[in-house]
Amino acid sequence: MLILLLVPVLHTQANIPTRSPIEIWSKKLAALDRQDPPRIYGSVQTNVLSSALQFYQFPQEQPIVWHGFLVGCLVLLTCPWFRAEFLPSAEGNERYGNFYLWGIMFGSVWEPIADTWLFGALTVVLDVLVFFVVFVYRLHLKGSARFKSGMVVYWLWRVSELLSLAMFYGGWWPSLVLNFLVAWLCWIGVVLVGGIGGIWTQIHVQQQNIVPDKEAQWTQEDENGSSSSSSSIEPIVCGVHVKNRRKV
């Protein structure tokens, strides 16, 4: 996951003296669009280049989200994920342990357990990688209502899984309160709603666009009404002039 985050930045910085990959791929996409007739594999090449271009532009277009993912990955690698009651039969604080990606720590005793690796890998894929791909490519799918509703349902499912885990390992305290994954999913929810291409952002932009459209429609109707009224008066005036000419 860290490699996916750092490759666009490091590769772009390494190619600054010459030309960045974004500039090269943009010119290739423009050349593919101008091809007439298009090649057999032109659409496949266009989709691949467009996806790579969006991936490389992610740190520049959404720097706050990119830095959030970077910090989140570093925390998941080095810090405890949550504190939970892993040994209910023990006494006192010996019941509680700190969950790490590499194992569980009970007080000063380190217990490397394979289950933590499995749970950690699934969590990184489902709670980090999936949302990373969504935030990279959601600007391309911002008009899809199914995409938005599907991401909300998926986020609610991940929150429900986290609540079930906390209830299984001791309840609200400390499994849910002292839990980095709770803060992570809350931040993901905020970005889903209010970030670039987010649900609330899209609604706000659409509402702002409705007012100019209505004003333009009203202006056009007024112009049509005035032109129709002037055209209906013109023949009468012309008729009067014709009659006056005949009288003269």
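The backbone N, Cα and C atoms fix where each Cβ goes, and this holds for glycine too.
On a predicted model such as this, the values are computed, not experimentally measured, just so you know.
Quick look at what TrEMBL lists:
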DOMAIN    46-139  domain 'TMEM62 C-terminal'
TRANSMEM  64-84  transmembrane segment
TRANSMEM  96-113  transmembrane segment
TRANSMEM  119-139  transmembrane segment
TRANSMEM  151-170  transmembrane segment
TRANSMEM  176-200  transmembrane segment
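Sequence-distant contacts of the transmembrane segment (96-113) (same chain, at least 6 residues past either end, Cβ-Cβ under 8 Å): 76-77, 79-87, 120, 170, 174. Nonlocal intrachain contacts for the transmembrane segment (176-200), taken as residues 6+ away from its ends with a CB within less than 8 angstroms of a stretch CB, comprise 61-62, 64-65, 68, 72, 75-76, 79-83, 123, 127-128, 131, 135, 138-139, 142, 148, 151-152, 155, 158-159, 162-163, 166. For the domain 'TMEM62 C-terminal' (46-139), the mean pLDDT of the prediction comes to 88.
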